[in-house]
Amino acid sequence: MSIPEITQTLLQAKKDKGLSFADLEATLGRDEVCIAALFYRQASASEEEAKLLVEALGLDSSYIKHLTEYPVKGLGPVVPTDPLIYRFYEIMQVYGFPIKEVIQEKFGDGIMSAIDFTLDVEKEADPKGDRVKITMSGKFLPYKKW
């Protein structure tokens, strides 16, 4: 998978400034995962957010236009090859239908929104090795009957 040029530029500027996505939360008032999605063009910024981000990264104002354009959703091959991303694919391959069944038992026939959605990543200390804790929260949308 090739990383878009704008993504490479944004990531390099962030690295050059010694910033993390968590550092940018205070500047933009958005979650670190949402900000990372901006970098990868999976989300778009408001004009004000784009100005703040470009300023924080020390980039030319010409990047504002790119950050406010409609995003391109979905990046990379259908079956991901990056090991970390592949684990999520594998998790859904193994647990996707079981998760679906449990959601339907609790909510009924419908889906979890990825639009009215938040995702948090936390680090949990564990004596056997640090753990990754991911919390997804999406609005339940029942299927309409007509």
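Residue numbers in this text run from 1 along the chain shown.
Using N, Cα and C of the backbone, Cβ positions are placed for all residues, glycine too.
According to Swiss-Prot, the protein has these features:
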ACT_SITE  Arg87  active site
ACT_SITE  Glu90  active site
ACT_SITE  Ser113  active site
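Packing around Ser113 (active site) is summarised by its Cβ count: 12 other Cβ atoms lie within 10 angstroms of its Cβ, all protein chains included. For Arg87 (active site), other Cβ atoms within 10 Å of its Cβ number 12. Sequence-distant contacts of Glu90 (active site), defined as residues of its own chain at least six apart whose C-beta falls under 8 angstroms from its C-beta, are absent. Cα-Cα distance from Ser113 (active site) to Arg87 (active site): 22 Å (rounded to the nearest whole number). For the recorded site, Ser113 (active site), the DSSP three-state label reads strand.
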